[in-house]
Amino acid sequence: MESMFEDDISILTQEALGPSEVWLDGPGDPSLGGDMCSASHFALITAYGDIKERLGGLERENATLRRRLKVYEIKYPLITDFGEEHGFPLYELKDGSLLEVEKVSLQQRLNQFQHELQKSKEQEEQLGEMIQAYEKLCVEKSDLETELGEMRALVETHLRQICGLEKQLQQQQGLRDAAFSSLSPPAVPASACPDLDLHYLALRGGPALGHAGWPGPTSVSVSELERRRLEEALEAAQGEARGAQLREEQLQAECERLQGELKQLQETRAQDLASNQSECDMAWVKRVGDDQVNLALAYTELTEELGRLRELSSLQGRILRTLLQEQARNAGQRHSPLSQRHSPAPACPSPSPPARPPPCAPCQSPAAQRRSPVPPCPSPQQRRSPASPSCPSPVPQRRSPVPPSCQSPSPQRRSPVPPSCPAPQPRPPPPPGERTLAERVYAKPPSHHAKAGFQGRRSYSELAEGAAYAGASPAWLQAEAATLPKPRAYGGELYGRPLSPRRAFEGIRLRFEKQPSEEEEWAMPASPPSPEAGTIRCASFCAGFPIPESPAATAYAHAEHAQSWPSINLLMETVGSDIRSCPLCQLGFPVGYPDDALIKHIDSHLENSKI
């Protein structure tokens, strides 16, 4: 480092100059004076000294950096590509001792700083305590000042009372002096006391103060009498003050007693309110439980009633099919030559009684087979009933039959009914005021009647025996939802006694007979006349009635009560509406949406609201 600056520093020496070169400000130059030369030379020497000092500082910094670099190399040795570590000589480890010394010094300074910090914290705590004590003293001082003000006000009131008594005594003395004017000279009125405290001292002080403002009485007895009166008045005032203090203490004791009684009354009232609230809660829980039980009973009765209605509807369909088959057989006997001419299929033997006509003709023509949408498979009713016709065509069984008044033959299209069961002769349509048998049978009960039947009965006491369920359960009575009770298994009797087909049909007519007031509500729209009106209407009317099977084939399990009766109650509010929607969130549902799924949706609302 020193060799770097040797060339630059050599310019300050005279020897570094060449023989032909001389100092510009040298002493040999006659153009410059001696003072100028000495000044410039001194400036150069000063600059040279500064530069040397700077170079020394830089050298020291470089040495420090070298030591630190060596320490870092010792701490983090470099590994070569061949896996060998750089070795360091022992003299380089001496810098570690310097670092240890610096570390010790820094640790000492750190401890000193921590000690000072702890002292400052203690001083701050002491200062905080002093501030708190000062604040307490200020509060006590303010309290004492208020008490002193109260005492001063009390003293002033007492002094005013004493001044009033003194004035009264002066007036009485003036009257007495006027009465005894012949015995004593006129009394000089006492001057007003400017200060109340001085007046009080004069009143209770020694003889010098006592006679300062009073005239010298001629007789000692009069002054003694007045003094005694004043002392008596003062004692009376002191007695009144003591009585007032006693009354104040009594009132304070009474106030404390009343406060204790008030606290006791508040505690007893809170306990009474808590007990009443618990009783009210228990009563509410009991009432809600009773309501749920009543709803469960009513809902179970509703399901049983719906099961009976389904049984009646299936029985009605069976009766109607039997009547239609009998009418078709009677018509087939009259039109058997025509049916044999149109149907090339072989005849089917009939197991009917001997009074019946001979075996029926072929059941269906090829054209009818091409046009009929129903596959030619025998129905279960044909396999079970011995009185049913042996026609293999399932049209009379698959399509629900209706009375002859609602069927009309099609002259343009060949009927799919087999020749042995031809369609009856067309009849004129009934008048508008008179309903057909199917309309009377399938009359829909009004919604308010359904709700009344649901909410009217609350127990099982009104029911004698259950009706028999026949056929598969409908989609809305499947045991998929936990909130719907399962239908019960019953025998082959309805309401405790067997029913004949004629009595059952009459019972259905009477049960579903529509009231005159509901004529407009459930009147069925009149369909336009068409060639196939009877066939289409029969299929649409009886599509919901499956072919009845044996009652023992499909028996339902024991009924279980529902668990969400509020959901069922909310569901009953939408019985009479055409659009199915949730009564809580007003969410719309399709027309064929099942009731159990809608009840599940309402249950989710009730569970979220913790009802």
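Cβ atoms are placed via backbone N, Cα and C, with glycine included.
Bear in mind that the values here come from a model prediction, so they are computed numbers and not experimental data.
Feature annotations, courtesy of Swiss-Prot:
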- 1-280: region 'Homodimerization' (REGION)
- 281-330: region 'Interaction with TBK1 and IKBKE' (REGION)
- 346-361: compositional bias 'Pro residues' (COMPBIAS)
- 362-372: compositional bias 'Low complexity' (COMPBIAS)
- 389-406: compositional bias 'Pro residues' (COMPBIAS)
- 416-433: compositional bias 'Pro residues' (COMPBIAS)
- CYS582, CYS585, HIS601, HIS605: Zn(2+) binding site (BINDING)
Given the Zn(2+) site residues CYS582, CYS585, HIS601, HIS605, which other residues of that chain have a Cβ within 8 Å of the mean position of their Cβ atoms, reported in sequence order? PRO583, LEU584, LEU587, ILE602, SER604
Non-local Cβ contacts of HIS605 (Zn(2+) binding site) (under 8 Å, 6 or more apart, same chain)? CYS582, LEU584, CYS585
Among the binding-site residues CYS582, CYS585, which residue has its Cβ surrounded by the fewest other Cβ atoms within 10 Å? CYS585
Specify the count of other C-beta atoms within 10 Å of the C-beta of HIS601 (Zn(2+) binding site). 17
When the region 'Interaction with TBK1 and IKBKE' (281-330) is classified with DSSP, how many of its residues are helical, how many are strand and how many are coil? 50 helix, 0 strand, 0 coil
Reduce the DSSP letter at HIS605 (Zn(2+) binding site) to three states and note it down. helix
